[in-house]
Amino acid sequence: MSSIPQGYRRLQGSERRPSPSAKALGIANPNESFAVTIVLRRRLNGAPLPDHDFFLNTPPSQRQRMSSSEFAVLYGASNEDIDKVIKFVTAHHLTVVDAHAARRTVIVSGTVQRMESFFATRLGRFEHQIVRGATDQPTKERYRGLDGFIHIPEDLEGIIVGVFGLDNRTVTIRNRSNDDDPPNTTSLTVPQVTSLYDFPDQSASGQTIAIFSLSGYKTEDITTYFNDLGLDVPTVKDIDIDGATNTVTSKTTPETTMDICVSASAAPGASVAVYFTQDTEKGWVDLIGRAVHPNCDDPVCSVLSSSYYEYNGDDKASSDFIHAVSSAFRDAALQGVTVCIASGDRGSYSKIKDGKAHVQYPASDPWVLTVGGTTIGNVNGSSYDEYVWNDDRGATGGGVSAYFPLPSYQSSATVPVSVNDQSKGRGVPDVAANSSPHSGYVIPFNGGSRTGAGTSAAAPLWAGLIARINAAMGENIGYINPALYALGSSVFNDIDGSEGPKNNKVEGESAPGYPAHSGWDACTGWGSPKGSALLDGLAQIFAKRCTIVLQNQIIQSNSTTFSVQVDGFRPADFGIHHGPVIMSSIGPPITLPIVSQTGSISCELEELDVQDTTLPPTPQRFTWVYSLTYTSTVINLQADPIMIQISATVTSLEGESVSTQACVLLLCESI
């Protein structure tokens, strides 16, 4: 359909074209029935979305998980938008399968003919070659797909932001869970590696790790693995999405088996939820939405691990797909879910043979924790060597995003410019862990065993670490990136390239690589974890704290009065009983003109005295309010800015104290 029909608008970012290797096989069967997922905008009158810095400056206790209805009111789709979409699709004889305000999705089903009518497009049948799995060998795939744009009724322009499912080509490449015989002389167990990385000695009981799955597993393989290690077999629940189920065939890969085994043995006591979905754009959108906003009978996960990435580099992927998935990852951050993504196993070229470096999506998403790869060797007790993973079996993915700008939390890291065009972008990966098949894990699979390796093994290992940290802190840390970058190299084993591979350039490929060096680099990020040090660092960042809020500022001719609200959190833990305030006039910023700094400050304290017997049984917010007046002796206050610094200290019954301060700039004018 070359022209836009009257009354319709092109859906931006929806263009899909056949790959260069594709050949057209004819039109799609007009009577074929299938479902699509329509993604809607966030409500127009919703709460502003927190930025990255919010998650560093706000403790997890102040950003607890919301119910779906609570989330929908703040950040979801409005009922008006949902109703409007439903009205239009039903008028075109499509059936509404599900509508979910928090996920911002409306799922509809119908025939090819009716889908083509509503979306003003044409669907065809195509055959092309794709590269999947650990090898570079192409395979043929037939799919139903687009050759152009999707269109939507003009009354729905701006309301619908994505449509997924019309095109059902494969979009995912799994990272390496190697199929060769394990290198028995050098293979490691997950408990060995968690000990080398000094994971906290903490059960992960009460935590649920979600696994993104496109492949089946056998329960007996899971049982064998944990019995061999002498660990309790975890509770594993399957979640079926879009008709996908836990099915094991001759073509099944060990990916899901490895993800379950590695994550749960890295976090003893945790439960695992395996989310099965179709290998399509719709499958991705539906799975992440379901994991973040679960159905009433689904487990509530605290960590999501994925060892897959989208077929194209992030500079070639469809923008509406990236927008939909990235928005879902941002939802995960708001809901306290940490998302761990493998960075890839083909170094800087990422299986795209165009002579350029690429990073894959979703590894490049700024709302996920991206995990690169290392090789562990020369293990002797607690001593070991660790290198950048780059050998005959693969290499750690890493580089600079061509799609996402540099996030604020990476501004002080040594993220290089792109080796392609010297542009700036989100640096990948954030962290790393053991990945080489030469130091991989023996995973039971289908009656035999395989080597579990690649960044596919590193991401679930980090998911297990996050689960342990959550359990130790008593609350889900959630979106962790800003805090990790604030801690920096102090809580990581720096893989600086002084020994072993120097970069992630793959031998025989023309794409340039990124060098390893001290500090953050595009091979292993900050490096592998010092688990207990990371827990201690996070505990310090998110220690119980009080904040100051300046309210009700009143400008007068000779004085300025404002209220100061001192907020604290979790008094049951803190045993709060008083909070003195200290004030001082510290003068104006040096860039502002000043007439006089002369003035005085007075304070009336309304002290809240909380005894042991009156402490609330559950954590809750408490507040003291102080009334402060700043009076100037200068008659003419015009252009007379004064900076007031206010400090508050909260002291516990046990003698523990937390201090904070705020400043207010008084810009007074004569009245």
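Cβ atoms are placed via backbone N, Cα and C, with glycine included.
The following features are taken from TrEMBL:
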- 1-26: region 'Disordered' (REGION)
- 187-541: domain 'Peptidase S53' (DOMAIN)
- Glu255: active site, charge relay system (ACT_SITE)
- Asp259: active site, charge relay system (ACT_SITE)
- Ser456: active site, charge relay system (ACT_SITE)
- Asp494, Ile495, Gly519, Asp521: Ca(2+) binding site (BINDING)
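Where TrEMBL records a feature, it is marked here on the structure.
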residue : record                           : DSSP class
Glu255  : active site, charge relay system : helix
Ser456  : active site, charge relay system : helix
Asp494  : Ca(2+) binding site              : coil
Gly519  : Ca(2+) binding site              : coil
Recorded positions compared (Glu255, Asp259, Asp494) - the one with the fewest other Cβ atoms within 10 Å: Asp494
Distance, Ser456 (active site, charge relay system) to Glu255 (active site, charge relay system) (CA atoms, angstrom): 8
Listed recorded positions Ser456, Asp494, Ile495, Gly519, Asp521, filtered to Cα within 10 Å of Asp259 (active site, charge relay system): Ser456
Fewest other C-beta atoms within 10 angstroms, as judged across Ser456, Ile495, Gly519, Asp521, which are the recorded positions: Gly519
For the region 'Disordered' (1-26), residues assigned helix / strand / coil by DSSP: 0 helix, 8 strand, 18 coil
Mean of the pLDDT scores, which run from 0 to 100, over the domain 'Peptidase S53' (187-541): 94
CB-centroid shell, 8 A cutoff, Ca(2+) site Asp494, Ile495, Gly519, Asp521, site residues removed: Ser489, Phe492, Asp496, Gly497, Ala516, His517, Ser518, Trp520, Cys523, Thr524, Gly525, Trp526, Gly527
